[in-house]
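Peer 1: Sharing a structure here in structure tokens format.
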């Protein structure tokens with residue numbers, strides 16, 4: 001029998017089921033929908049808080065020192081890299097933390113801290129702050145606290161859906177939270193921009209803080225916490241009794257102590273351990289997909305942070321759009337990204353080949369970017385249609401790798417289904433991708449001064465390198481499929 005129980009949250013129910021007399025599996029529809037909704041909203045809110053800097057870039061570069069003048073775009077790019085580099089570096093530690101901490105409390109605390117960092121940036125407008133160090137410090141703090149978000153939500157969803165047969169489709173739909181958050185952040189920030197750019201940060205901060213409270217109160221991180229179990233999903237149990245006592249409450253600690261010891265002794269030999277950092281890197285497929293995501297995320301985050309600025313400074317049908325209109329129009333890219341992520345997940349489930357699907361989308365994104373740059377300025381219809389197409393192909397593989405692929409690799413047979421590896425593996429993949437995400441906006445801040453064609457060339461080179469890292473895995477998938485057919 002495979003052991004199950006989480007390192008926190010409901011270990012007694014899991015241990016009792018493992019010790020004998022496990023209840024038959026029951027339908028979890030209501031709970032699953034609630035978990036998907038809360039984790040979806042949580043990560044969407046993180047992304048919503050990342051959009052205000054891109055929406056207010058045009059305003060800051062026009063009349064808010066130190067972002068004005070010839071070096072203004074350089075400093076805006078440096079501000080982006082302050083957040084993203086802190087996010088990327090902290091992500092690797094966050095994966096280990098999420099494997100061992102109470103996921104509900106960690107995610108809720110990350111949301112509340114992220115709201116505080118976002119509000120601090122908005123406060124700079126009302127307090128008339130012009131020190132670059134203040135903006136950079138707020139971005140670094142935001143990056144550190146947000147790094148805990150991704151390992152938490154992936155681990156929670158993996159606990160509930162780690163063995164789902166249509167994981168790619170489920171994750172494709174669920175991972176649209178990235179684009180939905182971008183859309184929501186763009187709308188909120190652009191809608192209040194005319195009242196002062198500080199409001200573009202304060203409004204999202206309020207939403208994120210409110211959601212943090214909801215997560216702390218309502219999120220269920222493990223099926224065992226509901227008294228139910230998931231068919232075929234192992235339960236882990238923490239060998240340390242401290243967390244279990246805390247969940248039971250002080251009034252029950254003494255009465256339950258002996259029973260805890262007996263259960264731990266009975267199950268001790270079956271308990272999976274948290275996987276090591278270097279051990280996770282050596283798992284099959286982790287390194288190629290991580291480095292592919294490095295370049296995929298470089299491209300995606302260049303659009304995330306610079307697309308409104310690009311639209312504002314490039315005429316459409318001979319006319320330049322306002323800051324607000326540019327921010328709203330950039331939503332089209334994320335709408336394409338929603339459908340691209342869902343399509344990539346559905347296709348990868350249908351053909352059973354994650355690497356092949358990722359390579360296909362990456363390859364098609366190259367002509368999509370070239371055509372958008374060349375013909376997007378002809379008319380508004382051309383701009384909207386080609387921007388949608390670019391978002392569709394750029395975000396497809398990014399979405400697939402960060403969700404379904406990370407879950408596949410974190411629950412593969414090589415680690416005997418040890419679900420405690422899931423947060424570590426997802427943190428390695430997304431953390432490596434986030435290094436690329438930090439590099440893209442920074443390079444764009446410098447390269448854009450030489451012309452936007454140079455930026456597009458940088459993106460094409462990045463996509464080509466992303467494809468290169470997956471070529472061998474895609475070839476292996478094709479050979480495997482052909483051998484099965486023959």
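Numbering starts at 1 and runs along the chain as it is shown here.
Glycine too: its Cβ is placed from the backbone N, Cα and C atoms.
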Peer 1: Under TrEMBL, which of the candidate ranges 24-42, 43-61, 62-80, 81-99 is annotated transmembrane segment?
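Peer 2: Within the set 24-42, 43-61, 62-80, 81-99, TrEMBL attaches transmembrane segment to 81-99.
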Peer 1: Quick one: find which recorded stretch in 106-127, 199-222, 355-375, 421-443, 455-474 has the most Cβ pairs under 8 Å with the transmembrane segment (81-99).
Peer 2: 421-443
Peer 1: Do at least three CB pairs under 8 A connect the transmembrane segment (455-474) and the transmembrane segment (106-127), leaving out pairs fewer than 6 apart in sequence?
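Peer 2: Not in contact, no.
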